[in-house]
Amino acid sequence: MNDFFRLESLVMQFGGLTAVKDFSLSIEPGELVGLIGPNGAGKTTVFNMITGFLTPTSGRVLWQGEDITGLSVHQITARGIARTFQNIRLFSDMTVLENVMVSFHHKVRSRFWKAMLGLPSHGKEERRIRQESYRFLQELNLGHLADEKAGNLAYGQQRRLEIARALATYPKLLLLDEPAAGMNPQETMELADLVLEIRQKHALTIFLIEHDMKFVMGLCERIKVLDYGISIAEGTPEEIQSNPDVIKAYLGEPKHA
Amino acid sequence: MTWKGKDMDTSKRNLYCNLAALCLLAVVLYLFDQYGTEYQIRILNNMAVFITLAVSYNLVNGMCGLLHLGPNAFITIGAYTSALLTMSPMEKQMSFIIEPLIWPFSVLQAPFFVSLIAGGVMATIFAFIISFPVFRVRGDYLAIVTLGFGEVIRVLCNALQGVTNGPLGLKGLQPYTNLWWSWGIAVFTIIVITKLVNSSYGRAMKAIREDEIAAKAMGVDPFRHLMLAFLVSAFFCGVAGGLMAHLITTISPTLFTFFLTFNLLIIIVVGGLGSTTGAVIGAALFAWGGEALRVVESPMNFGAFTIPGIPGMRMVLFSVILMVVIIFARRGIMGRNEFSWNWLFTKLGLNAK
């Protein structure tokens, strides 16, 4: 058992429907773990419970020795867990640079009245945020688009901006919800490289949901499989590929003649 | 090119331009103050009060994307607080004939500036109290809650005779509001709110407007930031209420109905929701246009036929203009764009690129 990140028998019920049942998982620092499962298996629900969008019916989320179950979303982000969204959620009417700058806000030290009076200390902080945000954009090859409205970006660029924005909160654990959704094979390959690169550079632990099996199997060190809210398998990509339960969940049982 | 370099190049020039614009405004105001007719001065005062109101109202509706329909409540609170403070105890005793004014208002008296601040602070206190129920809901529900609050305050003004003198209102206030006060406060409001909007706090507010879920995931606390916008807006609405009271010199509950909120909403929608520049333009057009259009209500002679003066014709024309703006500029005159010196210099071809 480690103290870094642990989910203890999470249960999420919506009325009579049990979306996730008894979900436990422990992730070591620096690991790259995948969460897969058919549509509606409850993968995003797990993410929502970790990030505070949903409060689990029972169970605990432990993060660096602290029980963060039931904290608000922004408090959890401030503790170093960032996420991206399955359906892209950018601040479309703001510029690309501003999108990233928002992520710095939870660490802003000058009070609002200093901002309103335009005191130098706030101006200094603003300039620092601008510089650092720009660095994140450059890192994700978006530097030349800094002044563009986020809503005008191409699809792949929007996905990258979501990652840049999440990175700018300086997380230790990054949750990626279907990062490769809607990408062509070429883009997916580039994304896999990018994920490895940012993990290396920012000393990240990554937990991701993805449907693209080639992507998941090639990238993740460990995979967890959910089906109808129940975790049916956990192991290395090789173990998962040959697991009969997983094959059954994805393809159904062979019909007897 | 780094960001710092680009900022430094233009920031000095912009500062000078801002100062020059302020000086120009001061000269214009001085000329009107000296040589303008009472009517012109009145329009200019009105304009400034509406600019203050529209800019602060726009902070909540435009920047945070909330449909807040209760600014009339804060204007009322500001107006009454400020009026009660500038009236002398003697005057108050004479005005409150049905029920005497309750202590401590009956003995307190303060200079005009202090009374304005007190009006703003009082409005902020009320805003703080109602922000807890208000921000539990969003969208249409928030509109209804704030609308209800506006009505509650208006009804209270009628009923609490010991504080507001009921439907009789407060009469004979000193006309303290002059061009310097009204425009000084308008300029201050514009500066402070622009600074706030362009700061990290303003970005957080816009992020909430764009996508509240994503904003939360990026570490922004929606409640805190919406409340901040709401309180700042209420403060300036309260101050503007004080200005309004000492401009009109007579206040009564009928002055602060939902119609006032409705006018403000029209101003910021026509100007462009989410644009401070738009709010200023909208307010200026509203205050000036409302008067300029009075021409159409007087009898007109077109040689062959004569049109008798039709009262209310002004409002018909006003509605037509509104519709034209909404049809041809759906996001208002400015959209979400702001005026900037960079933009002006680029237009004039003076920007070294």
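Residue numbers in this text run from 1 along the chain shown.
Keep in mind that glycine also has a Cβ here, set from the backbone N, Cα and C atoms.
As the structure is a computational prediction, the values presented were derived from the model and not from experiment.
Taken straight from TrEMBL:
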- B:15-33: transmembrane segment (TRANSMEM)
- B:39-60: transmembrane segment (TRANSMEM)
- B:72-90: transmembrane segment (TRANSMEM)
- B:110-134: transmembrane segment (TRANSMEM)
- B:141-161: transmembrane segment (TRANSMEM)
- B:181-198: transmembrane segment (TRANSMEM)
- B:226-248: transmembrane segment (TRANSMEM)
- B:302-329: transmembrane segment (TRANSMEM)
For the transmembrane segment (B:226-248), which recorded stretch in the set B:72-90, B:181-198, B:302-329 gives the largest number of Cβ pairs separated by under 8 Å?
B:72-90
Close approaches to the transmembrane segment (B:141-161) from elsewhere in its chain (Cβ under 8 angstroms; 6 or more beyond its ends):
66-73, 76-77, 80, 96, 98-99, 126, 130, 133-135, 167, 253, 256-258, 261
Let me spell it out: take the transmembrane segment (B:110-134), skip the flanking residues so only those 6+ beyond its ends count, and list any with a Cβ under 8 Å from a Cβ in it.
73-75, 77-83, 85-86, 142, 145-146, 149, 153, 174, 176, 181, 185, 226-227, 230-231, 233-239, 241-243, 246
